[in-house]
Amino acid sequence: MRFDVITLFPEFLAQSAGLGVVGRAQEKALFSLHGWNPRDYAEGNYRRVDDRPFGGGPGMVMLIEPLQACLSAVRAADPTPAPVIYLSPQGRPLTQAKVRELAALPRMILLCGRYEGIDERFLAGAVDEEISLGDYVLSGGELGAAVIIDAVARLQEGALNDAESAAQDSFEGELGLLDCPHFSQPAQHPLGDVPNVLRSGNHAAIANWRRQQSLLRTWQRRPELFDESTLNKADRKLLAQARDGLESDKTP
Ligand code: ADE
(Lines of atoms letter the chains of each structure in order from A; the text may use other names.)
(Lines give C-alpha, C1' and ligand atoms only; values in the text may rest on other atoms or scores of the structure.)
Protein backbone atom coordinates (compact mmCIF):
# COMPACT_ATOMS: atom_id res chain seq x y z
CA MET A 1 0.00 0.00 0.00
CA ARG A 2 1.32 3.40 -0.97
CA PHE A 3 -0.01 6.64 0.52
CA ASP A 4 0.80 9.94 -1.13
CA VAL A 5 -0.30 12.94 0.89
CA ILE A 6 -0.56 16.41 -0.57
CA THR A 7 -0.25 18.75 2.39
CA LEU A 8 1.34 22.00 3.55
CA PHE A 9 2.47 20.06 6.65
CA PRO A 10 4.05 16.77 5.50
CA GLU A 11 6.04 16.44 8.74
CA PHE A 12 2.79 16.12 10.73
CA LEU A 13 1.77 13.01 8.77
CA ALA A 14 5.22 11.42 8.99
CA GLN A 15 5.14 11.73 12.76
CA SER A 16 1.65 10.35 13.33
CA ALA A 17 2.30 7.32 11.08
CA GLY A 18 5.55 6.47 12.85
CA LEU A 19 4.11 5.24 16.15
CA GLY A 20 2.75 1.97 17.55
CA VAL A 21 1.12 -0.63 15.33
CA VAL A 22 1.21 1.71 12.33
CA GLY A 23 4.87 2.59 12.86
CA ARG A 24 5.68 -1.14 13.03
CA ALA A 25 3.71 -1.77 9.83
CA GLN A 26 5.74 0.93 8.11
CA GLU A 27 9.01 -0.61 9.36
CA LYS A 28 7.84 -3.95 7.93
CA ALA A 29 7.26 -2.13 4.60
CA LEU A 30 3.53 -3.01 4.65
CA PHE A 31 2.95 0.52 3.44
CA SER A 32 4.96 3.54 2.36
CA LEU A 33 4.11 7.17 3.04
CA HIS A 34 5.13 10.02 0.77
CA GLY A 35 4.46 13.65 1.68
CA TRP A 36 4.17 16.30 -1.03
CA ASN A 37 4.11 20.01 -0.27
CA PRO A 38 2.31 22.20 -2.84
CA ARG A 39 4.55 25.07 -1.72
CA ASP A 40 7.47 23.29 -3.39
CA TYR A 41 5.55 23.62 -6.67
CA ALA A 42 4.54 27.27 -6.25
CA GLU A 43 6.09 30.01 -8.39
CA GLY A 44 7.65 33.32 -7.35
CA ASN A 45 9.75 34.54 -4.46
CA TYR A 46 6.93 34.08 -1.98
CA ARG A 47 5.86 30.64 -3.25
CA ARG A 48 2.25 31.60 -2.76
CA VAL A 49 -0.20 28.74 -2.36
CA ASP A 50 -3.32 30.75 -1.49
CA ASP A 51 -5.17 33.96 -2.28
CA ARG A 52 -8.33 35.83 -1.30
CA PRO A 53 -11.68 34.37 -2.41
CA PHE A 54 -13.59 35.95 -5.30
CA GLY A 55 -16.79 37.47 -3.96
CA GLY A 56 -15.12 38.47 -0.71
CA GLY A 57 -15.54 36.90 2.69
CA PRO A 58 -13.14 35.58 5.29
CA GLY A 59 -10.18 33.28 4.79
CA MET A 60 -8.02 32.28 1.88
CA VAL A 61 -8.44 29.74 -0.91
CA MET A 62 -5.72 27.35 -2.07
CA LEU A 63 -4.64 28.10 -5.64
CA ILE A 64 -5.05 25.77 -8.63
CA GLU A 65 -1.53 26.00 -10.10
CA PRO A 66 0.65 24.74 -7.22
CA LEU A 67 -1.80 21.91 -6.58
CA GLN A 68 -1.88 20.90 -10.24
CA ALA A 69 1.92 20.86 -10.46
CA CYS A 70 2.14 18.96 -7.19
CA LEU A 71 -0.40 16.34 -8.28
CA SER A 72 1.40 15.87 -11.61
CA ALA A 73 4.62 15.18 -9.70
CA VAL A 74 2.79 12.67 -7.46
CA ARG A 75 1.42 10.83 -10.51
CA ALA A 76 4.81 10.91 -12.24
CA ALA A 77 6.57 9.41 -9.21
CA ASP A 78 4.76 6.06 -9.53
CA PRO A 79 2.60 4.58 -12.28
CA THR A 80 0.28 2.73 -9.84
CA PRO A 81 -3.26 4.05 -10.34
CA ALA A 82 -4.64 5.84 -7.30
CA PRO A 83 -7.84 7.73 -6.48
CA VAL A 84 -7.47 11.28 -5.18
CA ILE A 85 -9.33 11.55 -1.86
CA TYR A 86 -10.04 15.03 -0.56
CA LEU A 87 -10.56 15.40 3.19
CA SER A 88 -13.32 17.88 3.90
CA PRO A 89 -16.43 18.33 6.03
CA GLN A 90 -18.47 18.20 2.78
CA GLY A 91 -17.44 14.58 2.18
CA ARG A 92 -19.15 11.33 3.15
CA PRO A 93 -18.47 10.40 6.78
CA LEU A 94 -15.75 7.75 7.12
CA THR A 95 -16.92 4.30 8.26
CA GLN A 96 -15.14 1.02 8.93
CA ALA A 97 -16.75 -0.38 5.75
CA LYS A 98 -15.12 2.45 3.77
CA VAL A 99 -11.79 1.82 5.55
CA ARG A 100 -11.94 -1.84 4.48
CA GLU A 101 -12.64 -0.79 0.90
CA LEU A 102 -9.66 1.60 0.92
CA ALA A 103 -7.43 -1.05 2.54
CA ALA A 104 -7.85 -3.23 -0.56
CA LEU A 105 -6.39 -0.56 -2.88
CA PRO A 106 -2.72 -0.59 -3.91
CA ARG A 107 -2.39 3.17 -3.52
CA MET A 108 -4.27 6.37 -2.69
CA ILE A 109 -3.55 10.08 -2.89
CA LEU A 110 -4.85 12.05 0.10
CA LEU A 111 -5.43 15.74 -0.53
CA CYS A 112 -5.42 18.03 2.51
CA GLY A 113 -6.86 21.53 2.32
CA ARG A 114 -6.11 24.43 4.66
CA TYR A 115 -7.66 27.86 5.06
CA GLU A 116 -11.22 28.17 3.68
CA GLY A 117 -10.61 25.38 1.17
CA ILE A 118 -9.37 24.69 -2.35
CA ASP A 119 -10.38 26.36 -5.63
CA GLU A 120 -13.42 24.40 -6.78
CA ARG A 121 -12.09 24.14 -10.35
CA PHE A 122 -9.14 22.06 -9.17
CA LEU A 123 -11.38 19.85 -7.03
CA ALA A 124 -13.87 19.29 -9.87
CA GLY A 125 -11.16 17.97 -12.20
CA ALA A 126 -8.84 16.15 -9.82
CA VAL A 127 -10.81 14.65 -6.94
CA ASP A 128 -12.37 11.19 -7.13
CA GLU A 129 -13.85 11.10 -3.68
CA GLU A 130 -14.45 13.40 -0.72
CA ILE A 131 -14.32 12.00 2.81
CA SER A 132 -15.18 13.67 6.13
CA LEU A 133 -14.23 12.62 9.63
CA GLY A 134 -17.60 13.77 10.94
CA ASP A 135 -19.94 16.71 11.26
CA TYR A 136 -17.50 19.21 12.68
CA VAL A 137 -14.90 21.50 11.16
CA LEU A 138 -11.14 21.04 11.51
CA SER A 139 -8.56 23.59 10.45
CA GLY A 140 -7.26 21.30 7.73
CA GLY A 141 -7.41 17.83 6.22
CA GLU A 142 -4.22 16.51 7.85
CA LEU A 143 -5.94 14.89 10.83
CA GLY A 144 -8.36 13.21 8.42
CA ALA A 145 -5.46 11.89 6.33
CA ALA A 146 -3.73 10.65 9.50
CA VAL A 147 -6.94 8.86 10.53
CA ILE A 148 -7.29 7.15 7.14
CA ILE A 149 -3.62 6.11 7.13
CA ASP A 150 -3.91 4.65 10.64
CA ALA A 151 -7.19 2.81 10.03
CA VAL A 152 -6.07 1.45 6.64
CA ALA A 153 -2.48 0.58 7.63
CA ARG A 154 -3.52 -1.59 10.59
CA LEU A 155 -5.69 -3.68 8.24
CA GLN A 156 -2.75 -4.53 5.96
CA GLU A 157 -1.89 -8.23 6.07
CA GLY A 158 0.71 -8.76 8.82
CA ALA A 159 0.21 -5.42 10.61
CA LEU A 160 -1.66 -6.93 13.57
CA ASN A 161 -0.65 -10.08 15.39
CA ASP A 162 -3.29 -12.66 16.40
CA ALA A 163 -3.90 -11.04 19.76
CA GLU A 164 -4.63 -7.71 18.08
CA SER A 165 -6.71 -9.27 15.30
CA ALA A 166 -8.94 -6.81 13.49
CA ALA A 167 -11.79 -9.35 13.40
CA GLN A 168 -12.54 -8.49 17.06
CA ASP A 169 -12.73 -4.73 16.43
CA SER A 170 -15.79 -2.58 16.86
CA PHE A 171 -17.78 -2.30 13.60
CA GLU A 172 -16.31 -5.57 12.26
CA GLY A 173 -18.33 -8.79 11.85
CA GLU A 174 -21.64 -9.17 10.11
CA LEU A 175 -23.62 -6.76 12.30
CA GLY A 176 -20.91 -4.15 12.85
CA LEU A 177 -21.36 -4.25 16.65
CA LEU A 178 -19.32 -2.27 19.17
CA ASP A 179 -16.48 -4.09 20.91
CA CYS A 180 -17.01 -5.80 24.29
CA PRO A 181 -15.26 -4.60 27.51
CA HIS A 182 -11.71 -5.84 28.22
CA PHE A 183 -9.99 -6.57 31.55
CA SER A 184 -6.49 -7.43 32.76
CA GLN A 185 -4.65 -7.98 36.06
CA PRO A 186 -5.42 -7.70 38.92
CA ALA A 187 -8.57 -9.86 39.01
CA GLN A 188 -9.66 -8.07 42.17
CA HIS A 189 -9.38 -4.35 42.62
CA PRO A 190 -11.11 -1.62 44.64
CA LEU A 191 -12.57 -0.37 41.34
CA GLY A 192 -14.25 -3.73 40.79
CA ASP A 193 -13.64 -7.40 40.10
CA VAL A 194 -13.14 -9.01 36.71
CA PRO A 195 -16.32 -10.91 35.67
CA ASN A 196 -16.02 -14.55 36.78
CA VAL A 197 -16.83 -15.94 33.36
CA LEU A 198 -13.62 -14.43 31.92
CA ARG A 199 -11.61 -16.36 34.51
CA SER A 200 -13.50 -19.62 34.04
CA GLY A 201 -11.41 -20.99 31.17
CA ASN A 202 -14.67 -21.96 29.47
CA HIS A 203 -14.06 -20.64 25.96
CA ALA A 204 -17.62 -21.10 24.74
CA ALA A 205 -19.01 -19.26 27.78
CA ILE A 206 -16.46 -16.47 27.29
CA ALA A 207 -17.34 -16.06 23.60
CA ASN A 208 -21.02 -15.99 24.56
CA TRP A 209 -20.46 -13.36 27.26
CA ARG A 210 -18.44 -11.18 24.87
CA ARG A 211 -21.10 -11.41 22.18
CA GLN A 212 -23.74 -10.49 24.75
CA GLN A 213 -21.74 -7.47 25.94
CA SER A 214 -21.24 -6.31 22.34
CA LEU A 215 -24.97 -6.57 21.69
CA LEU A 216 -25.84 -4.78 24.92
CA ARG A 217 -23.35 -1.94 24.39
CA THR A 218 -24.46 -1.39 20.83
CA TRP A 219 -28.11 -1.36 21.89
CA GLN A 220 -27.35 1.06 24.75
CA ARG A 221 -24.91 3.41 23.04
CA ARG A 222 -25.52 3.22 19.29
CA PRO A 223 -29.01 1.74 18.77
CA GLU A 224 -29.00 3.02 15.16
CA LEU A 225 -26.21 0.56 14.26
CA PHE A 226 -28.48 -2.48 14.15
CA ASP A 227 -32.09 -3.32 13.55
CA GLU A 228 -33.19 -5.57 16.40
CA SER A 229 -35.76 -7.34 14.24
CA THR A 230 -32.95 -8.70 12.01
CA LEU A 231 -31.05 -10.34 14.89
CA ASN A 232 -30.90 -14.12 14.80
CA LYS A 233 -32.57 -16.10 17.57
CA ALA A 234 -29.41 -16.63 19.60
CA ASP A 235 -28.47 -12.93 19.53
CA ARG A 236 -32.01 -11.88 20.39
CA LYS A 237 -31.95 -14.19 23.41
CA LEU A 238 -28.55 -12.89 24.55
CA LEU A 239 -29.71 -9.29 24.29
CA ALA A 240 -33.00 -10.02 26.09
CA GLN A 241 -31.09 -11.75 28.91
CA ALA A 242 -28.70 -8.81 29.21
CA ARG A 243 -31.58 -6.36 29.38
CA ASP A 244 -33.32 -8.48 32.00
CA GLY A 245 -30.06 -8.36 33.96
CA LEU A 246 -30.12 -4.56 33.83
CA GLU A 247 -33.72 -4.52 35.05
CA SER A 248 -33.03 -6.86 37.96
CA ASP A 249 -29.97 -4.74 38.92
CA LYS A 250 -32.33 -1.80 39.31
CA THR A 251 -34.91 -3.55 41.53
CA PRO A 252 -34.16 -2.83 45.21
N1 ADE B 1 -11.13 19.24 7.09
C2 ADE B 1 -11.81 20.14 7.79
N3 ADE B 1 -12.82 19.58 8.45
C4 ADE B 1 -12.77 18.24 8.17
C5 ADE B 1 -13.55 17.12 8.54
N6 ADE B 1 -14.60 17.23 9.34
N7 ADE B 1 -13.20 15.92 8.04
C8 ADE B 1 -12.15 15.80 7.21
N9 ADE B 1 -11.39 16.82 6.81
C10 ADE B 1 -11.68 18.04 7.29
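Positions of Cβ are set from backbone N, Cα and C atoms, glycine also.
What TrEMBL says about this one:
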BINDING   GLY113, LEU133, GLY134, ASP135, TYR136, VAL137, LEU138  S-adenosyl-L-methionine binding site
DOMAIN    1-227  domain 'tRNA methyltransferase TRMD/TRM10-type'
Legend entry - For the domain 'tRNA methyltransferase TRMD/TRM10-type' (1-227), mean pLDDT (0 to 100): 95
Inset, instruction - Out of GLY113, GLY134, TYR136, VAL137, LEU138, give me whichever of these binding-site residues has the highest number of other Cβ atoms within 10 Å. - result: GLY113
Inset, instruction - Go through LEU133, ASP135, the listed binding-site residues, and name the one with the sparsest Cβ surroundings, counting other Cβ atoms within 10 Å. - result: ASP135
Inset, instruction - Go through the binding-site residues LEU133, ASP135, VAL137, LEU138 and pull out the ones with a Cβ less than 6 angstroms from some atom of ligand 1. - result: LEU133, VAL137, LEU138
Inset, instruction - Compute all pairwise C-alpha distances among GLY113, LEU133, GLY134, ASP135, TYR136, VAL137, LEU138, the residues listed as binding S-adenosyl-L-methionine, and give the largest one in whole angstrom. - result: 17
Inset, instruction - Give the three-state DSSP assignment (helix, strand or coil) for GLY113 (S-adenosyl-L-methionine binding site). - result: coil
